[in-house]
Amino acid sequence: MTDPRTAQAPAILWFRSDLRLADNPALSAAIESGRPVVPLFVLDDDTPGAWAPGGAQRWWLHQSLEALSETLQRHEASLVLRTGNAAEVLPQVAQETGAAAVYWNRLYEPWANARDAEIKADLKQRGVQVESFNARLLFEPWTPKTGSGQPYKVFTPFWKALQKLAPPPAPLPAPATVPTGPTIKSDRLADWGLLPGTPKAKEPDWAGGLRAHWTPGEQGARERLNAFLDTWLPHYDETRNRPDKPGTSRMSPHLHFGEIGPRQIWAAVQHRMDARNDAQNAATAYLQEIGWREFSYHLLYWWPSLPEETWKDNFKRFPWADDPDGLRAWQRGITGYPIVDAGMRELYRTGWMHNRVRMIVGSFLVKDLLIHWREGEAWFWDTLVDADLASNAASWQWIAGCGADAAPYFRIFNPVTQGQKFDPEGAYVRHWVPEIARLPDKYLHAPWTAPDRVLADARVRLGTTYPQPIVDHKAARQRALDAFQQIKQG
Ligand code: FAD
């Protein structure tokens, strides 16, 4: 064991949601300390049950750790994997390695804030230095404050305030080498059972669609960002609402796992803006979406109960329906509304869904079916590769009309007109709902309006090959508005 009092005592770099080498301030600081580095990842078993990573996240985590481990090996360092309660694992690894310091990048989930503060205090008491950094956000979530020193509840002034701050620091380069610390025992990633279809996971391999769509890891993130910047960024303001086009960046899972940081994206987009005059509006619109991510973290920081509790008090009395059949039809993508079913199937197959369609399926669940937004939040948590406590909770509360700066409750998306507007040629629906692909465009988003002859020609038998709509949208809309009337006061 190394003597912790010497400069050669190692530093532990505790990787968490920052699975990258570039723009990783904790890693850079660990290396700058001149100590050998022990890279560590802990599969925590102390996350509150409901927020343990869902199936899609576990799949991604496996791939991302594999990629990180390979990258570290190329830098002649080995990633140490441990399971357990982080509050116990950290001091134990510090003792095993004789570490004099631990470096990490901050998390902002409420349980992690409290736990990390305890770990920090405990390590310091043991004489181990601890330093933490921000790698996850452009700015710390507590930084922007209103003139009266309060947190923001509305996005636009929040975004304006953010833009008035000094620009985010330039991203740090990836280190050329990671000085190797002592070798200690590590779990085998394969034994963690994160992948479906392995004996330990005890579930069939449902991840084929995920494998086909994603390349987790720092390099995959970089390549996807560059492809987006080259091809789609200049058109982002026009195409970002079109699920039939690959017009958005699909950075969300890479950002969630920290394979890329928002400061890297910010800098890369600024660079393109400087180079191309025609991309200004599009780039501004894109950066604003990164701003929504910051806003979600701001809300979660100030209202830590956001993922569990309805933000607006009057919505706590909302007469939500108990409708397990409706919920199951929504989850499986068999509601009879093609754009809703396409979205839910895209989600199940690929672990991702286009933002416009997330809004449509979200509105359908909470307004057409009157099912509690927390059911939607939970399903997304389990199935999204980008499932993120802050963005998921803030977005579900937004769509349900009960969150901060939320869509007004009476704004109820019409799944037929939304489909016609944002998937006008029907390419998205035809891809994900092939059983109605032969319908002409005119009837594709509302098959029940097609004459019998047209249905027969398209080989569609409603109620057999494709469901009848599970609710009548017009009646469901009125039911939702009536329910809203009940809680309007207060
Ligand atoms: P782009 O359009 O390329 O945007 C770039 C980045 O900006 C995204 O990667 C994301 O980090 C951020 N961003 C974009 N829109 C939003 C938004 N509305 N709120 C917060 N950040 C945003 N996003 C998640 O990352 N995790 C979630 O769990 C999540 N759940 C959602 C649930 C619902 C009901 C809704 C309506 C939206 C949810 N979103 C969530 C927000 C948004 O749909 C995704 O971030 C976006 O679709 C990701 O695709 P992209 O990377 O191609 O986005």
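Residue numbers in this text run from 1 along the chain shown.
Here the Cβ of each residue, glycine as well, is placed from N, Cα and C on the backbone.
Annotated FAD binding site per TrEMBL: Tyr236, Thr248, Ser249, Arg250, Met251, Ser252, Tyr286, Asp386, Ala387, Asp388, in sequence order. What TrEMBL lists as domain 'Photolyase/cryptochrome alpha/beta' is 9-138. Under the heading site 'Electron transfer via tryptophanyl radical', TrEMBL lists Trp320, Trp373, Trp396.
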Name the secondary structure element type, per DSSP in three states, that contains Trp396 (site 'Electron transfer via tryptophanyl radical').
helix
When you rank Trp320, Trp373, Trp396 by Cα distance to Tyr286 (FAD binding site), which of the recorded sites ends up on top as the closest?
Trp396
Counting other Cβ atoms within 10 Å of each Cβ, which of the recorded positions Tyr236, Tyr286, Trp320, Trp373, Trp396 scores lowest?
Trp320
Taking ligand 1 as the reference, state which of the recorded positions Trp320, Trp373, Ala387, Trp396 have a Cβ closer than 6 Å to one of its atoms.
Ala387, Trp396
Candidates Ser249, Met251, Trp320, Trp373, Ala387 (recorded positions); nearest Cα to Trp396 (site 'Electron transfer via tryptophanyl radical') turns out to be Trp373
Using only C-alpha positions, which one of Tyr236, Met251, Ala387 is spatially nearest Trp373 (site 'Electron transfer via tryptophanyl radical')? These are the binding-site residues in the record.
Ala387
Tell me, if you would, which residue among Met251, Ala387 (binding-site residues) has the fewest other CB atoms within 10 Å in the structure shown?
Met251
Please give the greatest C-alpha separation between any two of the FAD-binding residues Tyr236, Thr248, Ser249, Arg250, Met251, Ser252, Tyr286, Asp386, Ala387, Asp388, in angstrom, as a whole number.
23
Using DSSP, would you call Ser249 (FAD binding site) helix, strand or coil?
coil
Going by C-beta under 8 A and a gap of 6 or more residues, the same-chain neighbours of Ser249 (FAD binding site) are Arg224, Leu225, Phe228, Trp232, Leu233, Tyr286
Distance from Trp320 (site 'Electron transfer via tryptophanyl radical') back to Ala387 (FAD binding site), taken between C-alpha atoms, in Å
24
Roughly how many angstrom lie between the C-alpha atoms of Met251 (FAD binding site) and Trp320 (site 'Electron transfer via tryptophanyl radical')?
34
Can you give me the average pLDDT across the domain 'Photolyase/cryptochrome alpha/beta' (9-138), rounded to a whole number?
96
Rounding to whole Å, the Cα atoms of Trp320 (site 'Electron transfer via tryptophanyl radical') and Tyr236 (FAD binding site) are apart by 37
